[in-house]
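Novice: Before I ask anything, let me first share the structure, which is written out below as structure tokens.
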Amino acid sequence: MAVSESQLKKMMSKYKYRDLTVRQTVNVIAMYKDLKPVLDSYVFNDGSSRELVNLTGTIPVRYRGNIYNIPICLWLLDTYPYNPPICFVKPTSSMTIKTGKHVDANGKIYLPYLHDWKHPRSELLELIQIMIVIFGEEPPVFSRPTVSASYPPYTAAGPPNTSYLPSMPSGISAYPSGYPPNPSGYPGCPYPPAGPYPATTSSQYPSQPPVTTAGPSRDGTISEDTIRASLISAVSDKLRWRMKEEMDGAQAELNALKRTEEDLKKGHQKLEEMVTRLDQEVAEVDKNIELLKKKDEELSSALEKMENQSENNDIDEVIIPTAPLYKQILNLYAEENAIEDTIFYLGEALRRGVIDLDVFLKHVRLLSRKQFQLRALMQKARKTAGLSDLY
């Protein structure tokens, strides 16, 4: 049963880059139906373990004209795709690992592509396609010889009785100086813990060729058309995803630019309104300046005229009310303030002992009565003139 994208997200819930990892895994499963995602415990060299997702199953490899299913297991670290997957060949009981420059005795796979792994240039689908090409040139497993057979055992790595690459010590690859000891943040990567591999009978490798009944060719080479087709497929898939990512990025940038353009248009409209308002205010200010200049000239002329006439003018004649009622109010106000000053100075005279208390009280009583009458009359006159109350 195929695993859905939601199930993958649940399995990879602890992955740092879950959505990206799920997307690449879905692409691989869609192209290679035999690979199934499994959540299992991976044991590192230091004995620590971690729950990781692995892709377990077979990939089709064309060797000498026939297609064989090579069992593999790809462990995806929780920092994928910034760390490469840990890849193993998973031979069945009827198979034997053929050690070489790409596979060690434990079945661990070493490839230049894994060594040079760098996101976003490297991805899982392209890795599998490169494995198919390399395993087509140098198969990582071959079938065990059977004692009861009356014919020489057939091997997937070459003709019968041909010499195989000598077994390499466990953990040693053909790239001694290039591969990092282990992915960043993880201990070493040994062979995964032993566990049952999905049922695969001995007849699956070498499998019955699904596309031809002819026996494998004996020339020991893989056709250039096959390599070219695999590389073209890998490159086209990668270009397709790169183009999609670029298109998505360009669309997001275009949307952001559109929003910025709208904001700029709104800002431009506000600035135009502000400039129009400022122009109106400047025109109003210029008008007020002209008016003030005229008034200033009038005041200067009046002051100059008054200075020339000040020597011949009496101060009492200068202040002349425009109506008799206003003149009466002015006289009443002046007289009332004079009485106020008189009462003040009488108090000062009493304090200094110039006059007696009886004299002070007598004059104050008379002045206060007079002041009251003046205030009452002035209040009535102001009311008649339409002025506000003074007291």
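Glycine is treated like the rest: Cβ placed from N, Cα and C.
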Novice: What range among 13-16, 81-84, 321-324 does Swiss-Prot describe as motif 'PTAP motif'?
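Specialist: Motif 'PTAP motif', as annotated by Swiss-Prot, spans 321-324.
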Novice: Residue counts in helix (H, G, I), strand (E, B) and coil for the domain 'SB' (323-391), per DSSP?
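Specialist: Going through the domain 'SB' (323-391) residue by residue, I get 58 helix, 0 strand, 11 coil.
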Novice: Could you count the residues of the domain 'UEV' (2-145) that DSSP puts in helix, in strand and in coil?
Specialist: 39 helix, 47 strand, 58 coil
